[in-house]
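Student: What TrEMBL lists as region 'Precorrin-2 dehydrogenase / sirohydrochlorin ferrochelatase' is 1-202. Taken from TrEMBL, the feature NAD(+) binding site covers GLU22, VAL23, PRO43, GLU44. The annotation domain 'Siroheme synthase central' is assigned in TrEMBL to 117-143. The feature phosphoserine is assigned by TrEMBL to SER126. For 148-204, the entry in TrEMBL reads domain 'Sirohaem synthase dimerisation'. The domain 'Tetrapyrrole methylase' feature in TrEMBL is assigned to 216-426. If you look up TrEMBL, you'll see PRO223, GLY299, GLY300, ASP301, THR329, ALA330, MET381, GLY410 marked as S-adenosyl-L-methionine binding site. Summarising the annotation, TrEMBL assigns active site, proton donor to LYS268.
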Amino acid sequence: MDYLPMFARLEGRPVLLVGGGEVALRKARLLLAAGARLTLVSPELEHDFHEFAGRFTHVAARFDPAHLAGQILVVAATDSLEVNALVYQSANQLGLFVNVVDDPERSSFIFPSIIDRSPLMVAVSSGGKAPVLVRLLRERLESLLPRHLGGLAELSGRVRVKAKRVLASLSDRRRFWERAFASNTLAGLIEKEDWQGAEGWLNEGLDKAQSEVGEVVLVGAGPGDPGLLTLKALQQIQQAEVVLYDQLVSPEILDLVRRDATLVSVGKKAGAHSVPQEETNRLLVQYARAGNRVVRLKGGDPFMFGRGGEELEVLAEEGIPFSVVPGITAAAGATAYAGIPLTHRDHAQSAVFITGHCQKEGKEPDWQQLAATNQTLVIYMGLMRSEHIQQQLVSHGRGQGTPIAIIERGTTARQRVLTGTLADLAVLAEQAVSPSLIVIGEVVALRKQLAWFGEQGGEQAKTEASRHELKLVSLA
């Protein structure tokens, strides 16, 4: 972050503006709109400054460092590089924040592009690096943000005092406002500029407000790339008050969670089950009972080997409201990013997804069915049992030369794909790290033709194995 975004309250505060041309006029208009007590230093002023007559003090002289006395903020907007440099140096020596227009190197603060829906303000800046991009973003935001947002913010401010009195809990107040702002009824009143009706509607809602049990939303975070989050998933994690997340959820996705949310890691990893499932269930119930909006964030899709169904059973038994937001499962996302189609008319007419974890009673899957040809077998969490998987598939008729791939950290910048044959599976698995997905079937051979993400942005490995030896050749 090159600049810290913040909003300054300038009402009645002394600000010095050096310059009297068109650029200075634009800055004067902005500073006066913010209520600054403005002093203008310039031998002459543009004629249009007369529209602000009586609202600023004009010093008809060239800039002198003595003009900085008593000021809290300084803006240099002249067409003279020498004068601008002197203003910057003088202000900097006194520890004053100074802006030299269109000169970020000589500015301790910069003016962002502003979308004004006062008291609601949106500021956009590129730190002076891409002004055209900022202008385009501002135009887009101007068209997206309704004009009545400022009035809605003013209305909220009037009702806020009562909301604090009626709803003692911060989470209850937040939930009330989120529901109110999402209400079509309130939106209709605001669009008609029926401010009295809108205020009455909010007050009526507060009169009926009671602390309620919270809710849990089971959200699929997808395979890793935050761009693969669904719109609904993004909305839910940005509205959550508490987020319980798995280890498979990428840091980039966690960065999208609202800043004031409570983040709780309930991650599990093969060989290192850090949080028992019973504890996760208990936390879900505890946070929801406290009235929180809870998101249970799981990698991939929550109903695909994610124990999401088990967690919802607990919530149902406890009478806690819940909903589900599906996600892109790793089998779909990781294979697509690896250039491996799950089905193909010439190679695979079906795809089977299984987990490498055994059931508690140790029951084995139907290996005869899993070893069938003309299908793609995708194995989640299979690294630790890769040797057993390899032996069972071969013993049930799957050819040792069947192409396989192990996809590490699929869809992320750290994606790596190891390829070989079924005879290599156990040895390849020793080279891989979790989270990894095992793909077995003739479709893997198409990767040579269809690889796009791994070929251009990630790391790729290809294997050549003999009975006693494995050789890895890096193609990165």
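Backbone N, Cα and C atoms are what each Cβ position is placed from, and that goes for glycine too.
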Student: Using a Cβ-Cβ cut-off of under 8 Å, list the residues of the same chain that are 6+ residues beyond the ends of the domain 'Siroheme synthase central' (117-143) and lie near it.
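Tutor: Same-chain residues near the domain 'Siroheme synthase central' (117-143) but 6 or more away: 2-3, 5, 7, 102, 104, 110, 149-150, 152-154, 157.
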Student: Spatially speaking, which of the recorded positions SER126, ASP301, THR329, MET381, GLY410 is closest to GLU22 (NAD(+) binding site)? Use C-alpha to C-alpha, please.
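Tutor: Spatially nearest to GLU22 (NAD(+) binding site) by Cα position is SER126.
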Student: In this predicted model, what is the average pLDDT of the domain 'Sirohaem synthase dimerisation' (148-204)?
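Tutor: Over the domain 'Sirohaem synthase dimerisation' (148-204), the predicted model scores a mean pLDDT of 88.
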Student: Once PRO223, GLY299, GLY300, ASP301, THR329, ALA330, MET381, GLY410 are set aside, which residues in the chain still have Cβ within 8 Å of the Cβ centroid of the S-adenosyl-L-methionine site?
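Tutor: Here the nearby residues are GLY222, LEU248, MET304, GLY327, ILE328, ALA331, GLY333, ALA334, TYR380, PRO435, LEU437.
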Student: Starting from the NAD(+) site formed by GLU22, VAL23, PRO43, GLU44, give every other residue of that chain whose CB sits within 8 Å of the mean position of their CB atoms, in sequence order.
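Tutor: Residues close to the NAD(+) site, other than GLU22, VAL23, PRO43, GLU44: GLY19, GLY20, GLY21, ALA24, LEU25, SER42, LEU45, GLU46, THR78, ASP79.
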Student: Fewest other C-beta atoms within 10 angstroms of its own C-beta: which of the binding-site residues PRO43, PRO223, GLY299, GLY300, GLY410 fits that?
Tutor: PRO43
Student: Where does VAL23 (NAD(+) binding site) sit in the DSSP three-state scheme?
Tutor: helix
Student: I'm trying to understand the geometry here, so how far is the Cα atom of ASP301 (S-adenosyl-L-methionine binding site) from the Cα atom of PRO43 (NAD(+) binding site), in Å to the nearest whole number?
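Tutor: ASP301 (S-adenosyl-L-methionine binding site) to PRO43 (NAD(+) binding site), Cα-Cα distance: 68 Å.
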Student: Identify which of the binding-site residues VAL23, ALA330, MET381 has its Cβ surrounded by the largest number of other Cβ atoms within 10 Å, counting every protein chain shown.
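Tutor: Selected residue: ALA330.
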Student: Could you say which of the binding-site residues GLU44, ASP301 has its Cβ with the most other Cβ atoms inside 10 Å?
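Tutor: Of the binding-site residues GLU44, ASP301, the most buried by Cβ count within 10 Å is ASP301.
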Student: Counting only residues 6+ apart in the same chain, whose Cβ is under 8 Å from the Cβ of THR329 (S-adenosyl-L-methionine binding site)?
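Tutor: The list for THR329 (S-adenosyl-L-methionine binding site) reads GLY220, PRO223, GLY300, ASP301, MET304, PHE353, given in order along the sequence.
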Student: Out of SER126, GLY299, GLY410, the recorded positions in the record, which is closest to PRO43 (NAD(+) binding site) when you go by Cα distance?
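Tutor: Going through SER126, GLY299, GLY410 one by one, the Cα closest to that of PRO43 (NAD(+) binding site) is SER126.
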Student: List the same-chain residues at least 6 positions away in sequence whose Cβ sits under 8 Å from the Cβ of SER126 (phosphoserine), in sequence order, or say none.
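Tutor: LEU133, VAL134 - these are the non-local Cβ neighbours of SER126 (phosphoserine), listed in sequence order.
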Student: Tell me the Cα distance separating VAL23 (NAD(+) binding site) from MET381 (S-adenosyl-L-methionine binding site), rounded to the nearest angstrom.
Tutor: 62
Student: Using all protein chains in view, find how many other C-beta atoms are within 10 Å of the C-beta of GLU22 (NAD(+) binding site).
Tutor: 11
Student: How far is it from GLU44 (NAD(+) binding site) to GLY299 (S-adenosyl-L-methionine binding site), counting Cα to Cα, in Å?
Tutor: 64
